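As recorded in TrEMBL, the features of this protein are as follows:
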- 246-417: domain 'SSD' (DOMAIN)
- 713-843: domain 'SSD' (DOMAIN)
- 850-885: region 'Disordered' (REGION)
- 245-265: transmembrane segment (TRANSMEM)
- 285-303: transmembrane segment (TRANSMEM)
- 362-380: transmembrane segment (TRANSMEM)
- 392-411: transmembrane segment (TRANSMEM)
- 455-476: transmembrane segment (TRANSMEM)
- 689-709: transmembrane segment (TRANSMEM)
- 716-736: transmembrane segment (TRANSMEM)
- 742-762: transmembrane segment (TRANSMEM)
- 792-815: transmembrane segment (TRANSMEM)
- 821-844: transmembrane segment (TRANSMEM)
Amino acid sequence: MNALVIALSRAVRRAPAVVLVVALVLTAAIGAVGFPRIEQGGGNEGFSPDNPELLAQQRVQEVFGSSGDVVLQVLLRAEEGGDVLSAAGVQATLGIQQAVQASEAGQYLVQRPDQPPLISPLLGVLQAAGAQGIDPTALDDATVDQLFAASLAQMPSEQAGFVTGLLPASAGIDAATPVEQPESPLALAILFLDSEALPADDVESAEVVQDIAAIIEGVEVDGVTLEPFAFELLFANQDSFTDEIGRLFAMAIGIILLILGFVYFSKPQADGSWFTSIRRTVADVATTIAVIMMAIIWVQGFAGILGPQGLGWIDALAEPAQLLPVLLVGLGVDYGIHMTSRYRSEVAEGSVPDAIGTATKTVGVALVLATVTTAVGFLTNLTAPVPALADFGVLAAVGIVAAFVLMLTVFPSLRLLLDRRAEAKGTLPRQTLSSNSEGLLPRMMAGVSVFAERLAVPTLIVTAGIGGVLGVIGLMNVSTEFSFTDFLPEDDPLIVTFDTLTEEFGGGAGETTTVVIDGTMTPEAHNALVAAQQELAGVADVQVFGENAQATSPVTVLAQVLASLQPADQAAPSAGLATPVDPALAQQIAGMLEPGGLTVPADTDVEALYDLLLQAAPDVAGQVIAAQDDVVRVSVSTAAGEERAVALGENLDAVFAPVEAELGGDSVVVTSDGIISSRIVTSLRDSQLRSLFIAVLAAMVLLVLNFWVTERRPMLGVVTIAPVALVVLWTFGMMAATGVPVGPVTATIAALAVGIGVPYTIHVSHRFSEDRERFATAEEAIRSTVSHTGGALAGSAMTTIAGFGILVTSSLVPFQQFGLVTVYSIGFALIASTVVLPAMLVLYDRSRRRREGDPTPPAAGPTDGGEADAWWTKPPAPETAVSGG
């Protein structure tokens, strides 16, 4: 490590201009190569571990593609105190259908005899009005109520159940109970789009859905608002997310510039003026920000180089990766303040090149160790089961290394080039620069050293003992949450609509839970599938029409084909198919089944049976059977939402367990977005302790090795890392106390705490080792350390807290939480490094010197005439040498 720092220091001193040009060229090259290859990602995929549910979902997409209709839900919301089961609701339903059909988007509506393009709870009213020759536009509220009640009473139970399912439970309208004056503040209409008519490209298809949504929003009806919703709309437009990142980053930079100016400013002394102090402050701030911006370019460039369009080592950038610029701002500020602080104190007593060399060597050694341990801390995210977090760790490590390299090359090169000229002219304000070490922050931090000098043991009892126990309790009780809508603004109208659908309609009509059956179907497996299909209606949160579950599978296709053999007046309402079935094929299929049922004899060739189904009803059967891939799909309409998705999955697992028992292995997987989200939560929760342990252990091993090699004091590495473990525990405790859950972004807390805490403690330990050689007692040394390094740490912490604190103002919940957690981590890291660690260092130094028989005298007693120190504050008495006599 020392060799690397010395090499960089020599290069800067000998050829600062060359070093600067090389760094600029390298930065431009990285940006030019990487930026065009950056690929943005998002959605569940980036957060989903490679679990069976995600793989099954991907398998279905590969095998079946986008078969099936695309559903666009429209929430009809009455004004406060209003009713959508009214004339206004009828006008809204008419307006939706007429507006879409009259537009170019009308070509994408389904055009099948068995499926109307629009379903609404008021569709029966329109049909009844048409049958009676009543103009729908002339209906009044009372007539609408009468027609709704009459049509609902005349519907078959399946159809009536479906209609009432389009009304919220709070309306109290039940298909089994006659209703005289129906009233509801909400209703759900469903527009069906033909997936085969939509563009094959996902982006273009989403644009069509957006266009239709805009058309619906343009329909104006007094007393009723129309709120279209589709999952394609949620993630189709990332502009709001990008704008939010840009806004947060700009605000963070603005605040950091102001605070950096305060930290860097030196009150002019005899050799300076206000103008020179301000100019110097601006130059130092600009130099720090320039290095940070170059580091950000490196990270973004490597994101493209390592990404899918480059080397393919990481996935497309997910949402947590967008936080990297803010992270680098905080880290760069920390590095910059320490470099500037040390350089100013050195240049007051020597030449500019010597000051640059000394600052680079002394701070550089601490920085290289901090860089390695911090990078390793973030790289522990590679053990996380969530791909987006693993990629975040890789790119964070790249950014940390970039910030280190640039801070030890570009920063001193610029400073050397600027100050060498001023030194030659005799205009370098050395006295003014040195006065910075006597500023407000160093003076404030000098007072903090009293905890280590006089109250070391009580300090550790309170912070490590009591605080550590409270942190462990918090770690055990912090919640874990995840939702795929987390990275959308809270005030987004689509989120408001989605929340209403979730609360009032169990997620709306768009929720589908898929059972993927992978394997060659045997007669026994098929018969088990028939039994499972019959049991679905009894599973909680499965949508039911009458007595039948709303699900499609090879069993339902069989039923539809057999129903086609019945006379039209005897066929079940759901028996209609888009295309007529060849009677000969239908008879052949019926002949392969058990009489009067859908099961098959034990010697049936099920593969041949399914091939016949694909011939008889290709459109419907093709959505549930992939014969060439030996995959069968059961699509179940459900209303579990995210909260009950796990319970629903477990219930469906139990229902389809006999099918899996017949096929063997892990051949049946129940999957949905809600189930995958729950798996993410489980993975995040289970990985917390492991990630924490690995991050702290890895940093400790590196520190122990470093201090053993450099100072022959490996225990100093343990002392240095111990406060960082406290930082993690305190942060978890504060998260539990303030209700901040562990999520996709806050799951980086272990790496973040190590990444921020380790550099702080390393700076203190290294400075104490230097000061201990200069001062007679540990107390004097720690006072100097906390005053100088503690002052720089306070400035760094204040700046980065302000920068990260901006995230709290975000409209994105994960960013708000990340802002809070980062503020907690930085604040606790400052306390740990300036209060806890100094106390540990003083006790460690006393213990070590006592063991080694060091004759160094203890600290002087109280000088204020007060009483002697209590036993727990008193340094050990020097050992007395015993001579033979």
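From the backbone N, Cα and C atoms, a Cβ is placed for every residue, glycine too.
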Predicted model, mean pLDDT over the domain 'SSD' (713-843): 84
Closest-packing stretch to the transmembrane segment (821-844), where packing means Cβ pairs under 8 Å, from 245-265, 362-380, 716-736, 792-815: 716-736
Residues from the same chain, set at least six apart from the ends of the transmembrane segment (716-736), whose C-beta lies under 8 A from its own: 463-464, 467-468, 470-475, 477-479, 692, 696, 699-700, 702-708, 742, 746, 749-750, 753-754, 756-758, 761-762, 765, 769, 820-821, 824-825, 828-829, 832-833, 836-837, 840-841, 844
Tally of DSSP helical, extended and coil residues in the domain 'SSD' (713-843): 117 helix, 1 strand, 13 coil
